[in-house]
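For reference, TrEMBL has these:
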type	residues	note
TRANSMEM	27-51	transmembrane segment
DOMAIN	45-296	domain 'G-protein coupled receptors family 1 profile'
TRANSMEM	63-91	transmembrane segment
TRANSMEM	103-124	transmembrane segment
TRANSMEM	144-166	transmembrane segment
TRANSMEM	208-230	transmembrane segment
TRANSMEM	242-264	transmembrane segment
TRANSMEM	276-298	transmembrane segment
Amino acid sequence: MAAHQNDTNPTGISDFLLNCFVRSPRWQLWLSLPLSLLFLLAMGANAILLITIRLEASLHEPMYYLLSLLSLLDIVLCLTVIPKVLAIFWFDLRPISFSACFLQMYIMNSFLAMESCTFMVMAFDRYIAICHPLRYPSIITDQFVLKAVIFIVARNIFMCGPIPILSARLHYCRRNVIENCICANMSVSRLSCDDVTLNRLYQFAGGWTLLGSDLILIFLSYFLILRAVLKLRAEGAVAKALSTCGSHFILILFFSTILLVFVLTHVAKRKVSPDVPVLLNVLHHVIPAALNPIVYGVRTQEIKQGIQKLLKKGW
């Protein structure tokens, strides 16, 4: 599609073309079915989890409110990315408007950071539950959850706002083909005729400040939890304590492992196909979303019982 002038923005183009898997076009055919199944699983599992927590009175507790927030973030991230990717795979609908591209960029960056921050708050919740159980009801209250949600949303809305703004202000005068399935910041910015040093610096500094600080606090919480657990003397106390935070730790591993592999492939981009980071970027928006509610549903007895009650009422 030829680039053409648009009077509504200062750039020389009005839309972009998303070009998935430039060097491995056959991947689109093979990935379309598993990706669509993962998407349906993510939507269905998170919807069931949200309905269960909403309808089951025994789940109206701070920990499950945070889990509901995580499910909402997963749903938004999936809906922002996967339908467009599947439209490209199935119908070759590669064009994306200038405004839609930068909106997608903003939602991906801000909601991914919100998800990381939610994991951090959940880690603090588990730390208090295990290391200070007598103080848990007075510290982790509904008011605490409300304040935490406000902090999660406000921090990441304002911190991630400059990312699409910096990209949108650039002048796109030549190419409009993004070699990615999504409007990732640097994939878009590198098409510009302007200097993108500021974009790179903010993406790097912002990413490591937000995600890096969250991961440090998460693993610090689990270090303190492990240290406290190993001091327990009562029979079965260690297993019970570890089971309490096991589901959460598994979710963090899903989230951080895919993110780490994605970063490492970018660092070693000369040794791997450029399509690999693109694939990992897409999968990072759907695999954790599909697995998060399943892990909690399988490992948490209260949620499992709530889902069973919901299914019985449905029948």
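Placed from the backbone N, Cα and C atoms, the Cβ positions cover glycine too.
Counting only same-chain residues 6+ beyond the ends of the transmembrane segment (144-166), those with a CB under 8 A from a CB of the stretch are 62, 65-66, 69, 102-103, 105-106, 109-111, 113-114, 117-118, 121, 185, 189, 198-199, 202-203, 206, 209-210. Sequence-remote contacts of a segment are chain residues at least 6 beyond its ends whose Cβ falls under 8 Å from one of its Cβ atoms, and for the transmembrane segment (208-230) they are 112-113, 116-117, 119-120, 123-124, 126-127, 130-131, 155-156, 159-160, 237-238, 241-242, 245, 249, 252, 256, 259. Sequence-distant contacts of the transmembrane segment (103-124) (same chain, six or more residues past either end, CB-CB distance under 8 Å): 63, 66-67, 69-70, 73-74, 76-77, 80-81, 84, 96, 148, 151-153, 155-157, 159-161, 163-164, 167, 182-185, 188, 210-211, 214-215, 217-218, 221-222, 248, 251-252, 255, 285, 288. Mean pLDDT for the domain 'G-protein coupled receptors family 1 profile' (45-296) in this predicted model: 88.
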